[in-house]
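Just below is one structure, and these are the notes that go with it.
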Amino acid sequence: MSLTVEETTARNTELINEVLKAYPDKTAKRRAKHLTTQEEGKSDCNVKSNIKSIPGVMTIPPCAYAGSKGVVWGPIKDMIHISHGPVGCGQYSWGSRRNYYIGKTGIDSFVTMQFTSDFQEKDIVFGGDKKLEKIVDEIQELFPLNKGISVQSECPIGLIGDDIEAVSKKKSKQYEGHTIVPVRCEGFRGVSQSLGHHVANDAIKEWVLDKMDPDKNQFVATPYDVAIIGDYNIGGDAWSSRILLEEIGLRVIAQWSGDGTLAEMENTPKAKLNVLHCYRSMNYISRHMEEKFGIPWVEYNFFGPSQIEASLRQIASHFDDKIKEGAERVIAKYKALTDAVIAKYRPRLEGKTVMLFVGGLRPRHVIDAYGDLGMKVVGTGYEFGHNDDYQRTTHYVEDGTLIYDDVTSYEFEKFVEKIEPDLVGSGIKEKYVFQKMGVPFRQMHSWDYSGPYHGYDRFAIFARDMDMAINSPVWGMAKAPWKA
């Protein structure tokens, strides 16, 4: 029997209080600000966010280096991105994001390659600027078709005061204006990977867009040019988004970072509209282009038919009747397909509950995709969200929904144990914990090696994967050794 809003709110409030009892008083007081239930009239879900995690508790947010190199810069395929510092940061994050791209790896595309300055003790003592210069020389010799280089600083670089900006300027001049971008994304900076996004956006602004030679770019604009910003092509998502935009009559002149190029970044100021997928990681550069170049931007959501329809109409509203009619034509074209998907999977998933804890946009964007299948998200939260992320979340969640910011491992496990959702959607670090608890799980950062999930036809993949996770017969076949 489903609970009323009042009963759900009371249960979740009691659960929050129970979880907080495990902490010392000071810690409990701090964590209480991050845990709540959604109430009507609360414009930001009434939680505190973007605050440093408490030392001593196990939390999930990544660092600023991950936000810059792993999210924003890393997928730019024709640039080489140096993990500047000890080998571990680049090595252990190597190829983990499934940023699909087209190109010849090692020739004109470098996304899945790992470039590191491999700092040793002597580099810490004497500095690594000369080593960085040598690395740039080696890159230019070994990979002559690269279009640019970014220097992604790891923690020691900031601590010892290396001047990566001076090195970048010197080597860029030596190689006749070759784009070399220093990025101050040391992991100790800021609260989470979110500052890494911001730093990376600032680097794009200062070292790419503001340094462009207007005479070099012979790009010919049209009235229907758009740029896809903040789609990282996880499992091919950006390609699916691009197809829909082109089907309604728009011309996609750039998509980045996923399967993106330096030239596309440089073309973006010619767009008539920037369509923004991941608000958290790329709203900064979108706002900059709006202020400097007068390009409006709109956040879109291509997860599930309900949000795709709304987003296509919102995007089309910025153009003339040709594009508006194109949007309606595309919506009608795919209706039979999505109706068939819903008819197949909704009876199997109706009433199933989901708890989410992910980064970026997913804690809110996928909610209506679950709703299209008759499923209900009963708890959600952000790894590195800000106040404006939670403001945007209020439009997606129902009153009584459990909201948790920067949730600790203990809290999340306890919430799942007590609420008993039918599915948990989170990251790789959480996956095996919950599967060992017997809870169906989907990895919602990189789609568990599936996807893409964007677009009408890809909604079928999303529905299949959720059904496969929840209704797999394996849950009835596996028994704990002590129950066998």
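Cβ atoms are placed via backbone N, Cα and C, with glycine included.
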For this session: Name the residue, out of Cys155, Cys278, that Swiss-Prot lists for the same [8Fe-7S] cluster site as Cys63, Cys89, please.
Result: Cys155
Exercise. Here the binding-site residues are Cys63, Cys89, Cys155, Cys278; which one has the lowest number of other Cβ atoms no more than 10 Å from its Cβ?
Worked result: Cys155
For this session: State the Cα to Cα distance, in Å, between Cys278 ([7Fe-Mo-9S-C-homocitryl] cluster binding site) and Cys89 ([8Fe-7S] cluster binding site), rounded to an integer.
Result: 24
Exercise. Counting every protein chain present, what is the number of Cβ atoms, excluding its own, within 10 Å of the Cβ of His445 ([7Fe-Mo-9S-C-homocitryl] cluster binding site)?
Worked result: 20
Problem set entry | Euclidean distance between Cα atoms of Cys63 ([8Fe-7S] cluster binding site) and His445 ([7Fe-Mo-9S-C-homocitryl] cluster binding site), Å | 16
For this session: Using the centroid of the Cβ atoms of Cys63, Cys89, Cys155 as reference, list every other same-chain residue with Cβ within 8 Å of it (recorded [8Fe-7S] cluster site), in sequence order.
Result: Ala64, Tyr65, Ala66, Gly85, Glu154, Glu186, Gly187, Phe188
